[in-house]
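**Student:** Residues or ranges marked as ATP binding site by Swiss-Prot on the basis of sequence analysis: Gly168, Gly170, Lys171, Thr172. Annotated compositional bias 'Polar residues' per Swiss-Prot: 105-120, in sequence order. What Swiss-Prot records for 1-79 is region 'Domain I, interacts with DnaA modulators'. If you look up Swiss-Prot, you'll see 79-123 marked as region 'Domain II'. The region 'Disordered' feature in Swiss-Prot is assigned to 100-120. Sequence annotations record features per position, and here Swiss-Prot assigns region 'Domain III, AAA+ region' to 124-340 based on sequence analysis. If you look up Swiss-Prot, you'll see 341-464 marked as region 'Domain IV, binds dsDNA', on the strength of sequence analysis.
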Amino acid sequence: MQTINPIWAEVQQSLKKTLSKPSFETWIRPAKFNCFENGLLTLIAPNTFSSDWLRKNYCQTIEKAAKEICGHDVKVVFKSEKNISRDSTNKENLDDQIVNHKTKSFPNNSQEISSKNRSKNPNGLNLRYVFKRFVVGPNSRLAHAAALAVAESPGREFNPLFICGGVGLGKTHLMQAIGHYRVEIDPEAKVKYVSTETFTNDVISGIRRDGMTAIRDKYRNVDLILIDDIQFLEGKEYTQEEFFHTFNALHESGSQIVIASDRPPNQLSGIQERLISRFSMGMTADIQPPDLETRTAILQKKAEQESMSLPRDLIQFIAGRFTSNIRELEGAFTRAVAFASITGLPMTVQSIAPMLDPNSVGVVVSPKQVINKVSDFFKVSTDELISSSRRKPVSQARQIGMYLMRHGTDLSLPRIGDEFGGKDHTTVMYAIEQVEKKLSIDPNIASQVQKIRDLLQIDSRKNL
């Protein structure tokens, strides 16, 4: 297959001038030339999804550009890389081609929202979550393409768009990028980003105050609604009932619905079948954990955005160490930079590696250090920390202190109990188990634990 052709190259240059940058980079640039015979131009898209999207949305535009260049009518047909590979045993498998495709950051002409539009857009969107900052890899290519398609043409084919994937993989980023894109294109667009928890709280508040009419107006009179963490609808029967009717009202009016979840619709439990059916009626796109190449690109992009310089071997070390999600990866980057800045140590693998150990404090610390650091961090006195107080702020700080002491010292459970005012070893065991559970589901707890670990690391390093 000839991938470079003078005519297709000219057509691409023409389209580059007329299409938006994100449209060109996402749909036109990846298309490869296959053949041009008898006025028939055959192009190869990376996958079936891209092929179908090009056919439905860009065929006439490409044919018009080709006609202007060739001087006669040109018909364009699209095939996917996968279909081409079936016709030739010498072709590589599509999955291999996608995995080996160089990961790149997606450019967007509407990345940084203008200050004028920011002030008119009180919709809860995080200004950092734009397409420009999203690094596209094999793990997220489909979800990214679907998000862009919805941003460009809301309320059409992919309605709803259901984005699913594990914690910290970029679901919220893509959702909010759609919102930013629409607001930049149309400053008057009514865009609403909301977590399922907030939606639930609003419904409860509406019931208590007899104000459901206002709640319905709030959520049903929008052009684009972005619903995050829909899995938290599980078991909430009345909220599900309200969301069902809200979904129907939005869909019937042509408003775009984008939903995010930690699992696909068919794996959600405790949610009405009629809702599951509606979640599945549009497009479902999942995001997988990023591969090594993508993780490296993410760190390089973050370093560029933060105007920081990290040695390549340190970037590769972090990328190889933190593999499960992007949030954890970027957190490691931030901690490495902060650690080197505070301690004055060089940015090398040797100096940073111990601090980035996700399973331990990294150096042995004393029980007193743990108690003092937890006390300072949570603004709880040491006397309260080792007392029997059951106030939530105190008990939570105490549990985290017990967890850190278990992983940062060589003390047994009974000895840890002694350090916390003579608590029973079963109390210590329960506290550790509770923290371990929360670490996987509560980003706030995970962040608090990690920050205290880093502070303990810094203190210990200063004393070496």
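Note: Cβ is positioned from N, Cα and C throughout, glycine not excepted.
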**Student:** If you take the centroid of the Cβ atoms of Gly168, Gly170, Lys171, Thr172, the listed ATP site, which other residues of that chain have their Cβ within 8 Å of it?
**Tutor:** Gly165, Val167, Leu169, His173, Leu174, Ala260, Ile287, Ile326, Arg327
**Student:** Have a look around Gly168 (ATP binding site) and count the other CB atoms within 10 A of its CB, chains all included.
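**Tutor:** Within a 10 Å radius of the Cβ of Gly168 (ATP binding site) lie 19 other Cβ atoms.
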**Student:** Taking the Cβ of Thr172 (ATP binding site) as the centre, count every other Cβ atom within 10 Å, in any protein chain shown.
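**Tutor:** Here the count is 19.
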**Student:** Across the region 'Domain IV, binds dsDNA' (341-464), what are the DSSP residue counts per state (helix, strand, coil)?
**Tutor:** 88 helix, 0 strand, 36 coil
